[in-house]
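Engineer: Got a structure for you, written out below as structure tokens; questions coming shortly.
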């Protein structure tokens, strides 16, 4: 009994491992009862030799531990040739042998392991593979199909978890995947990977690209889909040759570099990267593969100084088996696999030394010791081991991170993170609200306020000196309208720059109405008043008739009222039919590396705004065209007091040009808020200020020069010059064949007609003067031009009557146009005191 207790104690010690400096508590004896152990290998070219590592492990089990005291493991090696038939024959040979093997270590090929594992469950014989990584042995029904099958090498469960931890470590939440449909070795673990990413880590699988060799031409299209969906992190589960094809296709689509991360399976080789592809050179392949990651099971543990099972440094054991077979990828798992079986065998021995397969499977599942490939631990027949994550850098793989499945720990190797920074999992969409620059808004608002202040000064002057002769003759009421309209347009500049940084969205909607109405009505008031004044000047100097009536300000206000009525009708209809609403409009995206900026602008939205804007533009356009026409027609008029000289015409031209430019820039630059606001504000402020200055600065100068307004001769001189300039425009050019006599005759005829017209007007003037004198109106008679004048002579009255009667002698109008006295001299009271100083009271 004590013998078996000692054996159990040794087994427990082996399972728990040995600490540094600990010596064996038993004395090993050579020989013992043989325990047959089946070993499946592949002994042919291209496959590594498994026996050196197994023999080393077997030697350490018997010489460096107290387990299996009194027993000796004997290997029964069978070559399966990596063929199903040979493998099954080897299995039957082992089953037929006596005694039967207590367990089987191996094999390496899936096509051999699968039927053997399915058969061994009927004999309850444990099979521990050192090289099987196929995902079918970790599926949901694998425990039922392969009850006694274990593998000491980490499978897809570990590599998938390592990939998930890797993705989660960098905070990537959007990934794309590529799987090889025609290879279950890669397709099955890929499905488990995507499920775990989505449900275990909250990572969105944007798109899974399926590739296979039968439809190899579709690889490019699948990658195009990934690129179109802005996938930056790509997990790939394909074989080596397909991996080269995928990377080559990605290279031609620009899916490489610092903005992309390719996570590939680990093949424990880099030869596939140094081969020339059909569509890529070696240099292109290296460029495409730069900084990609590989995820593969670790060949050995990194902490080489750790004492492992057998009370030996891990580094020493690794060097020992590497010297024996340096090209065997599985040498570490061969070593740990034999130790796993030895420890499980020692634990499965009962008190009566009877072997139990059930206890052995239970012992393997409960194993936990420090091995050459890390901590050896199993869960559901699966090894929970180490997984290396390596990065391709400078033509070689360098360690980047490690995942320990036994302790579920993920660790980045700090020294390898230099020179690389994790990219974003997608292009970041940054919504940037485009607001008018605060400095620009303040500057334009200040200019607008200065303009309003200037307009108020002009309004004060216009009101203060409204009875001044110069101000009174320039229609001060209309000038006040021009000032009111200018104040509205200046105010619209300030309202144009307000946004939701200052006001709420609800107030912004009302602001949409306010600035539209203010600008529209302000333009109509200012331009309409100037248009009315220009029309009156045009009517006076281009429509000289005998029965012409005076055009009073009331008629001009009627014109202005009609224009305002049209605006109000359109604006009110607009407000009811298509009201404004607050909207945020996206502008064209601006890509910047991993960031896409989406500019947004705040707008006053109206479903039918285009229609109403077109109506307003049409009305204003017609008004401006007519204004330009009238300004051109009155270009020769130069009466400062009556039509503000040529300044009104200049203002009309300025308003037209600035309005066209402002409208054009507002439409073209409506997506560039700063440029649009600055130009629109400039045009409004410039044109409005220029109009105010052209209309009122000459008045201010005249007030400074003549505060009393007692120089009527200067006012009358301008009017007479304008009349003469208009009525004495040269006749149309005549052919050079006309004789001098004909030209003189035509000139005399025209002179007679004009002199008759002047005489008639003079007679009418004096008739009115006599009526005023008869009524006792002395204020009018005290005017300077009237004090020294006398009533026209009786001869002149008779002459005037004769001028109204046509001559019948030769059926044509003959007129005696003489204003001379009996002695042939001009009467002193004809029709002005000074013929060179005409009156403005036409």
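Even glycines carry a Cβ here, placed using N, Cα and C.
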Engineer: In Swiss-Prot, which of 439-459, 586-606, 712-732 is labelled transmembrane segment?
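Structural biologist: Swiss-Prot lists transmembrane segment for residues 439-459.
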Engineer: Given the ranges 536-556, 557-577, 746-766, 767-787, which one is assigned the annotation transmembrane segment in Swiss-Prot?
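Structural biologist: Matching range for transmembrane segment: 557-577.
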Engineer: When Swiss-Prot marks a stretch as transmembrane segment, which of 417-437, 648-668, 795-815 is it?
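Structural biologist: My reading of Swiss-Prot: the transmembrane segment range is 648-668.
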Engineer: Of 380-400, 611-631, which span is tagged transmembrane segment by Swiss-Prot?
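Structural biologist: Going through 380-400, 611-631 one by one, Swiss-Prot flags 611-631 as transmembrane segment.
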Engineer: Please indicate whether the topological domain of residue 464 in Swiss-Prot carries the same name as that of residue 674, placing both on the same side of the membrane.
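Structural biologist: Different domain labels for residue 464 and residue 674.
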Engineer: Can you dig through Swiss-Prot and tell me which residue of 274, 643 is labelled N-linked glycosylation site?
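Structural biologist: Swiss-Prot records N-linked glycosylation site at 274.
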Engineer: Do any residues, 6 or more residues outside the transmembrane segment (507-527), come within under 8 Å Cβ-to-Cβ of it, and if so which ones?
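Structural biologist: For the transmembrane segment (507-527), the sequence-distant neighbours (Cβ-Cβ under 8 Å, at least 6 residues beyond its ends) are 481-482, 484-489, 491-492, 495-496, 498-500, 560, 563-564, 567-568, 571, 575, 580-582, 602, 604, 616, 620, 623-624, 627, 652, 655, 659, 684, 688, 691.
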Engineer: Is it possible to list how many residues within the topological domain 'Extracellular' (578-610) are helical, extended or coil according to DSSP?
Structural biologist: 2 helix, 20 strand, 11 coil
Engineer: Hey, how far is residue 327 (N-linked glycosylation site) from residue 366 (N-linked glycosylation site), Cα to Cα, in Å?
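Structural biologist: Answer for this pair: 31 Å between alpha carbons.
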Engineer: For a three-state summary based on DSSP, what are the helix, strand and coil counts in the topological domain 'Extracellular' (669-676)?
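Structural biologist: Helix (H, G, I), strand (E, B), coil: 4 helix, 0 strand, 4 coil.
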Engineer: Take the topological domain 'Extracellular' (578-610) and find every residue of the same chain, 6 or more past its ends, with a Cβ under 8 Å from one of its Cβ atoms.
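Structural biologist: Residues 232, 259, 423-424, 427-434, 499-500, 505-506, 508-509, 512-513, 516, 671, 673 contact the topological domain 'Extracellular' (578-610) from elsewhere in the chain.
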Engineer: For the glycosylation sites 274, 327, 366, 605, which Cβ has the most other Cβ atoms within 10 Å, all shown protein chains included?
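Structural biologist: By the 10 Å Cβ neighbour count, 605 comes out on top.
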Engineer: Sequence gap of 6 or more, Cβ distance under 8 Å: name the residues on the same chain that satisfy this around residue 279 (N-linked glycosylation site), in order along the sequence.
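Structural biologist: Expected: 248, 249, 252.
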